[in-house]
């Protein structure tokens, strides 16, 4: 179809149909033509042996879906004008759309539309310029009358755009360049963009089909789209279909289990003809004496068998083999298409990659490529996964890599490929897996024998170098990327490579939801010998893994337990592993038993164990390993119900001399008075524990009383105690105050979020005056006291010589309360070093008193005034003090202090002239672009002493600001700018506990 011919034809028809007054029929002729075209196309397809597949994907569920996609929304009472039909390659989108057109033509569907127009992305991409009327009139019969009259009533029209993902358009046209006139000849890309954006024919309806990978490119063009996903065969339907294809029920059950153990292959089976292909490969391998489980172990193994079967090595009647140059050209076309998400090879693509018609015929005969049945100058790989396989092979067949300083094309950059993940770059994921799988020596040997060539393995060393670089890039070490990476590394089935690949990773984050993931992680992680920290979320217990009859094969349960044993064996085989976090895991009796055995192993070197928010099934909590494991010093059970058995085994372990726990975190563990008393009894004989966090438990005054008995014990080793939000009141402060004077070791106490009031603060203040009080840090955040409490604390500070950290945040001290405190803080013998006054209802009036403290207290090095409305005037007062050479404050918190661009000069003064302030928090202030720009001009100087500056994440990510921050990072690399301070346990220094 040539553009020039179409234009001539259109001009001729235009002269014949100038009258808009002509009466024409209800579109029966057009409906007939449309039906004939679709049936002709289906007939051509059936000649290629694919007619069964076309019918297979049309299920009653899909037909029901078609009937309701334009129904009114129940809440808005509006019918969607734009619907997107989304699904994987080969799932049946095109078939479903053509079925919809046929149903309309037969009068069974969408009768609210007088005309339905079907537009295919493959065809549209080959057209350069036309009017929209020309574009849709290819099959318009003359008996219908002028198409212009039809287009004049857009609210009764439905436009179906098939294969949006194949449209080779950028869709970056500015709004003013779009076209409203459907008679105007324009670039076809402009026409389609205008239609999608509702500039042309805005009242019309759209039904757009696309692969999932193109959704992000499509959605910005649409107005209020409704998305409908085609899911293909369900899990049960897949299993039934595999049974049907393999006939032999016993063998089919084994195949299903093997396929389900490889979630990639099992997922591929949701597309009918992929399921057929996979089962055909399994049949072929079994007939040759192969084992189903070995063929299914990796997706690369199965596809290598399949690709090699397309080029049989027989002397008579064999398919002509492509030479290495031809194979490389095909692979390059494949990889370029995968990266750009373009899966149709047009004439220009063939010329670009130097593929002749004879070359194409070779791959057509081998069933690697197929010719489009409608558009004869379009070629595609027989399936997306076949294209992905050849795309991966490209990286093994590249030549002259040493002559390139930089990759000439983005798709040649292996580092970019490894950086990708299945959420943001789903189109690259399977190709990446195939690439790693092709490092396997058996796969390479198969391909070398099939294609009679030698494959270089230089890419192996390239990948290892990229993995090393990936580990050094902190932004790449997300759970998402690492899990993707493990799936890829597993494909190699090469223990030596896996060991080399994982030697760069000291910290990993993985999640196990299903048995296939467990198999992969258990295989890979035991080869990660440099691993120091492992965060594992185990959500799949044994019962859930064996949830179907097909899975319950003989020995399956034993195999699953073996995988868990393999995974947790790293606790004793990896001597560098010192921390394990089982955050949000579900642990049953079997897993708890395995864990206990591994943690009790004499070679276990683990020091820190975290069971945060863990769900122990059927009360299987068991911490008996603590009695014999002398290495574990840190146990965190936050947000985990200890249960009866958990508390019992924990208390028994704490009583044992072999238990060496130093840190125990039991925040939000559903502890009450009775449980607290049992814990306190166990602690009476414990000599190792130095940190205990019991926050967010309803201990009340009685529970705290039993803890005070522990503190009064001269043999107690407790140094830090956190009792935030434990129901403590002023009545409990009396017994606590008494214990504080008798405790010889306690240095840190957190009582935040308890209603102590002024009376409770008075009792604690009396204790602070006592010479025997050893407290160094006291956290009284949100304890409901007033300036009266401040006065008590102020008096205590005049006598106390040990306290260096005081947190009074979220109490209504007001300016008067702070004034009382400042009187004591300015005294030369006051040893306080860190003062937290967040959300204390302070104003600029308090800044004068605070400024005096900054000048007169040489010990104070950290002051947090966040969430107080100090305004620019308050900062101005503080800045005068900060410029004083006697001021030694290093850390200054000014988050949400009502600062505006008017304070910019004062901030610049702090950054330029103050030599002590090295950390500052400016988040949640109304600093504009110009203010941050000016700050960056000072921060970029290598002489700037600032080490950390906290700014809002949304500000940091703004394009206008980003370039200034990059400049700062280049010129002043020791400075960190971000919303969180690095290298601190809590993540932010202003959050102490």
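In case you wondered, yes, glycine gets a Cβ from its N, Cα and C as well.
Swiss-Prot annotations:
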DOMAIN    81-403  domain 'NACHT'
BINDING   87, 88, 89, 90, 91, 92, 93, 94  ATP binding site
REPEAT    636-657  repeat 'LRR 1'
REPEAT    660-680  repeat 'LRR 2'
REPEAT    688-708  repeat 'LRR 3'
REPEAT    717-738  repeat 'LRR 4'
REPEAT    745-765  repeat 'LRR 5'
REPEAT    774-795  repeat 'LRR 6'
REPEAT    802-822  repeat 'LRR 7'
REPEAT    831-852  repeat 'LRR 8'
REPEAT    859-879  repeat 'LRR 9'
All-chain count of other Cβ atoms within 10 Å of residue 89 (ATP binding site): 19
In three-state DSSP terms, the structure that residue 94 (ATP binding site) belongs to: helix
Chain residues outside the repeat 'LRR 1' (636-657) and at least six past its termini with a C-beta under 8 angstroms from it: 608-614, 616, 619-627, 663-671, 675, 678-679, 681-683, 685-687, 689, 693
Cβ neighbour count within 10 Å of residue 92 (ATP binding site): 25
Which listed residue (88, 91) has most other Cβ within 10 Å, given these are binding-site residues: 91
Residue numbers, six or more beyond the limits of the repeat 'LRR 4' (717-738), whose CB comes under 8 Å of its CB atoms: 667, 683, 686-701, 703-705, 707-708, 710-711, 745-757, 759-761, 763-764, 766-767, 779, 781, 993
Long-range Cβ environment of residue 87 (ATP binding site), under 8 Å and at least 6 residues apart: 93, 209, 211, 212, 229, 230, 231, 232
Cβ contacts of residue 90 (ATP binding site) (under 8 Å, same chain, 6 or more positions away): 271, 272, 273, 274, 383, 384
Overall pLDDT for the domain 'NACHT' (81-403), taken as the rounded mean: 90
Distant-in-sequence Cβ neighbours of residue 94 (ATP binding site), under 8 Å, six or more positions away: 162, 163, 209
Cβ atoms near residue 93 (ATP binding site) (within 10 Å, other residues, all chains): 23
Mapped DSSP class for residue 88 (ATP binding site), helix or strand or coil: coil
